[in-house]
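Student: Let me begin by handing over the structure; questions about it come next.
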Amino acid sequence: MLTYPQIDPVALAIGPLKIHWYGLMYLIGIGGAWLLASRRMKRFDPSWTKERLSDLVFWVACGVILGGRLGYVLFYNLDEYIANPTLIFEVWKGGMSFHGGLLGVMLAVWWFGKRHGKSFFQLMDFIAPLVPIGLGAGRIGNFINSELWGKVSDVPWAMVFPNGGPLPRHPSQLYQFALEGVALFVILWLFTRKPRPTASVSGLFVLCYGIFRFVVEFVRVPDAQLGYLAWGWLTMGQVLCVPMVLAGIALMVWAYRRDAAQPKAA
């Protein structure tokens, strides 16, 4: 059994002002995505400036935060937030939905593309390899917050979490960090080293994320207010991942078929 590192969720306190690690992880994710995007920007569009890139990252970040929070409210805990609406603004306590964040990003990208003459999938393909940076940082934030831990286990790397009872559990946040953060980043980085059909990068992203998340849900404790939805093992996260996997496969098939049907330059 490993020892859980006792990390204060508050990274810095200045009088009444408290800066939480969870919020800092989002800033790290957004900053890391911007740095990587600035390296890839000229390959994407030589006419782009740092100002336009910053504009895109800003709106995508808004989509992540607003969509992620509203998605959690709608998908996971609607009754509690209806009863206590002010809880919606307490984001430092956790409670973000990746699937809601993805919908928020899609809306932001569609709007940005309309303004700047880029297609939806051109922008999504550019953004997709950047997302694992934020996903990985967010999972570290979950770990520090001692939330979203896994089921009771006797594996050698199990941990006793401060608010998870006396028994050791799977550190499922670290599994998600390794898969959604590190592995997904490497897969997309290698895949985009050479030109790919439009929408194929987006398709690979949602396919891999859906698979990784579906698998980890088997060892992660479901949200207490929902529990298992069916068969004693199906979680809301898995339900939301099924359409992602199907959409990812469909996007990749469509992208490559569309590319093959286009006339090639002599």
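Cβ atoms here come from the backbone N, Cα and C positions, even for glycine.
Per Swiss-Prot, the feature transmembrane segment maps to 10-30, 56-76, 92-112, 120-140, 171-191, 199-219, 233-253.
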Student: Against which stretches of its own chain does the transmembrane segment (199-219) lie, if we need a Cβ under 8 Å and a gap of at least six residues from its ends?
Tutor: 98, 102, 121, 124-125, 128-129, 131, 135, 150-151, 153, 170, 172, 175-176, 179-180, 183-184, 187-188, 191-192, 233, 235, 237-238, 241-242, 244-245, 247-252, 254-256, 258-259
Student: Pairs 6 or more apart in sequence, C-beta under 8 angstroms, 3 or more of them: is that satisfied by the transmembrane segment (171-191) and the transmembrane segment (120-140)?
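Tutor: Contact between the transmembrane segment (120-140) and the transmembrane segment (171-191): present, because at least 3 Cβ pairs are under 8 Å.
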